[in-house]
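Some notes on the structure that comes next.
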Amino acid sequence: MSESLHLTRNGPILEITLDRPKANAIDAKTSFAMGEAFLNFRDDPELRVAIITGGGEKFFSAGWDLKAAAEGEAPDADFGSGGFAGLTEIFDLDKPVIAAVNGYAFGGGFELALAADFIVCAENASFALPEAKLGIVPDSGGVLRLPKLLPPAIVNEMVMTGRRMSAEEALRWGVVNRVVSQSELMDSARELAQQLVNSAPLAIAALKEIYRATSEMPVEEGYRYIRSGVLKHYPSVLHSEDALEGPQAFAEKRDPVWKGR
């Protein structure tokens, strides 16, 4: 594993810290290492939730490493099968990822956060997609994911001028889930991770699968699709041991013991 990444396992929770001073910028080598970490997380049955954060208190990530670019790394370089930062193009990850944004999330750093399922950020965090000012475009998910969260007027200003969005503004628009102090950031992310662990893993997988498949469908079409039998996790949930365990635990006034089957 790359020296730029620190991995910590806390039971079913994996913490990934990107540590590349000064700005946690990401070159192709680092992107490959991040992709390996996320794919291992996907494939490890003992892991349930991942938290991605940046080292230090100033930068979550400044995105693409412009020093590497100046040395010849092309904008369309191979960043690995998971896409830039290892997560932006993993489309079969049925476990939740939390971005704990500890500071500036610019360019590909913002796109990394957008690829997560939840964003918890520090009060000093801010978000921007300044690629147009560098002669490129935010094509690692920024131009695809941000329009699903914000009105066109806001998106256009952010992607065409590089305007920054503060943590509080991001919270108002629903781009982030929580804004906390820097000192509370990781505790808040871990609290959310534990809440996710408390939910049934098959149910979480089915929810992510349904979101991916039906997010652009009319409601009626979505109903037909999820009942058509083509989904992997949804039918499994309905006939799982966990589907029996949940109501049984509720009736017995105890915490459920999920088996993931």
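Backbone N, Cα and C define each Cβ position, glycine as well.
Glu111 (active site, nucleophile): 29 other CB atoms within 10 A of its CB, across all protein chains. Swiss-Prot lists Glu111 with the feature active site, nucleophile.
Cβ-based neighbour count (10 Å, all protein chains) for Glu131 (active site, proton acceptor) stands at 23. What Swiss-Prot records for Glu131 is active site, proton acceptor.
Across the structure, Glu111 (active site, nucleophile) and Glu131 (active site, proton acceptor) place their CA atoms 11 angstrom apart.
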